[in-house]
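The following features are taken from TrEMBL:
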type: BINDING; residues: 164-171, 189-193, 210-213, 277-280, 298-300; note: GTP binding site
type: BINDING; residues: SER171, THR191; note: Mg(2+) binding site
type: DOMAIN; residues: 1-157; note: domain 'Obg'
type: DOMAIN; residues: 158-317; note: domain 'OBG-type G'
Amino acid sequence: MKFVDEAKIFVESGPGGNGCISFRREKYVPRGGPDGGNGGDGGSVYLIGSKDLQTLYDLKIRPHYRAGRGKHGKGKKMNGRTGTDVTIPVPLGIIVLHEDEPLGEILKHGERLILARGGKGGRGNACFVSPTNQAPRHAEQGMSGEQMTLKIVLKLISNIGIVGLPNAGKSTLLKAMTNARPRIDSYPFTTLTPNLGVLRDNISNVVIADMPGIIEGAHEGKGIGMQFLRHIERTKLLVLLIDISSPKPRDQYTTLLNEFKRYKRALLEKPRIVVFNKIDLIDEVPHFKLREKMFYISALKGTGIDQLVKHLKNENQAKAG
Ligand SMILES: Nc1nc2c(ncn2[C@@H]2O[C@H](COP(=O)(O)OP(=O)(O)OP(=O)(O)O)[C@@H](O)[C@H]2O)c(=O)[nH]1
Ligand SMILES: [Mg+2]
């Protein structure tokens with residue numbers, strides 16, 4: 001399924017049904033009282049969070065949603081039926097924007113958010129009986145529904161984000177640690193949209209995101225990595241993956257931190273570790289002096305993966321608890 005992280009949708013709630021003007025007519029009852037029923041409320045449009053969805057693809061291909069209109073009231077005090085609601089399932093971690101203003105977000109499975117409220121049904125004339133007016137000849141019109149164009153933006157909720165330069169081995173690492181089977185290749189920018197994998201644990205699942213590669217100048221739109229950085233804004237931990245067999249591994253580290261800083265300073269405050277990959281390609285492993293906790297692995301050969309996984313699970317639990 002295609003990964004889509006932004007969609008524009010058009011929602012319309014149903015208008016309320018009109019109230020009815022009617023008088024009772026029965027044999028042997030010469031002057032029946034007013035008996036016009038109320039119109040039904042119009043249907044509303046909602047979003048509902050679903051843990052089974054990962055993308056906004058469905059919204060992209062089907063952008064229009066219209067709830068049902070409320071039925072008009074009838075005689076014999078019959079109220080009109082309520083219009084049918086429309087409930088749109090969305091992945092967790094979406095934000096709804098209306099004219100660029102946030103309207104709400106959905107983070108949990110089953111969480112609902114109303115987008116357009118159905119118009120109220122009008123009251124029938126039976127409602128307007130009063131001591132001074134025994135035979136009211138008016139009823140209310142139903143209220144109209146609401147129409148809106150909304151933007152839905154997905155910020156994946158992953159616990160851990162793997163970031164690094166193109167070809168560092170991010171997808172290979174995701175594959176080594178989780179059930180995910182991302183595309184892996186020897187050219188840069190193999191990964192065009194984030195891949196998610198799940199690290200199973202007795203206590204909770206750790207969701208790991210493998211991001212497209214980040215290059216120098218990414219914050220000003222070079223390459224593709226930066227447009228996905230918003231997805232790691234919510235992660236608890238960043239894994240900076242560095243190709244130790246590259247000519248200047250340390251420069252990769254500096255580039256990444258620089259790009260984070262330029263994109264959004266807050267990214268620098270996120271807890272992070274540094275993982276040096278591809279140790280199978282070098283004879284002697286240089287040891288770097290960095291502030292972060294460091295790991296030396298070969299994602300391809302599986303060296304050092306167990307230790308890394310253990311650390312990630314521990315960190316995830318510590319942060320959750
Ligand atoms: N020798 C060796 N090669 C590796 C290792 N990890 C990854 N590779 C290779 O490096 C290349 C790039 O791997 P990917 O996992 O696609 O790298 P990536 O960081 O996801 O790349 P992009 O998605 O393009 O940013 C592939 O040819 C991998 O087989 C490793 O530990 N050792
Ligand atoms: Mg990749």
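Just so you know, glycine gets a Cβ as well, placed from its N, Cα and C.
Here the features listed in TrEMBL are placed on the structure.
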residue : record           : DSSP class
GLY164  : GTP binding site : strand
LYS170  : GTP binding site : helix
THR190  : GTP binding site : coil
PRO212  : GTP binding site : coil
LYS278  : GTP binding site : coil
SER298  : GTP binding site : strand
**Fill in**
Across all protein chains shown, the one of the binding-site residues LYS170, LYS278 with the most other Cβ atoms within 10 Å of its Cβ is LYS170
**Asked** Reported as an integer number of Å, what is the Cα distance between THR190 (GTP binding site) and SER171 (Mg(2+) binding site)?
**Response** 9
**Item:** Local confidence of the prediction over the domain 'OBG-type G' (158-317), expressed as mean pLDDT
**Value:** 89
**Request:** Fewest other Cβ atoms within 10 Å: which of the binding-site residues SER171, THR191, THR193 wins that one? Let me know.
**Result:** THR193
**Prompt:** Roughly how many angstrom lie between the C-alpha atoms of LYS170 (GTP binding site) and THR191 (Mg(2+) binding site)?
**Reply:** 9
**Prompt:** With every protein chain in view, how many other Cβ atoms are within 10 Å of the Cβ of THR190 (GTP binding site)?
**Reply:** 16
**Request:** List the same-chain residues at least 6 positions away in sequence whose Cβ sits under 8 Å from the Cβ of ASN167 (GTP binding site), in sequence order, or say none.
**Result:** SER186, TYR187, PRO188, THR190, GLY213, ASP243
**Item:** Cβ under 6 Å from ligand 2: qualifying binding-site residues of GLY164, ASN167, THR190, PRO212, LYS278, SER298
**Value:** THR190
**Prompt:** Could you give the Cα-Cα distance between GLY164 (GTP binding site) and SER171 (Mg(2+) binding site), in whole Å?
**Reply:** 10
**Euclidean distance between Cα atoms of SER171 (Mg(2+) binding site) and PRO212 (GTP binding site), Å** = 9
**Complete:** Around the Cβ of PRO212 (GTP binding site), other Cβ atoms found within 10 Å total 25
**Fill in**
Quick note, SER298 (GTP binding site): same-chain residues at least 6 apart with CB under 8 Å of its CB -> ASN277, LYS278, ILE279, ASP280, GLY304
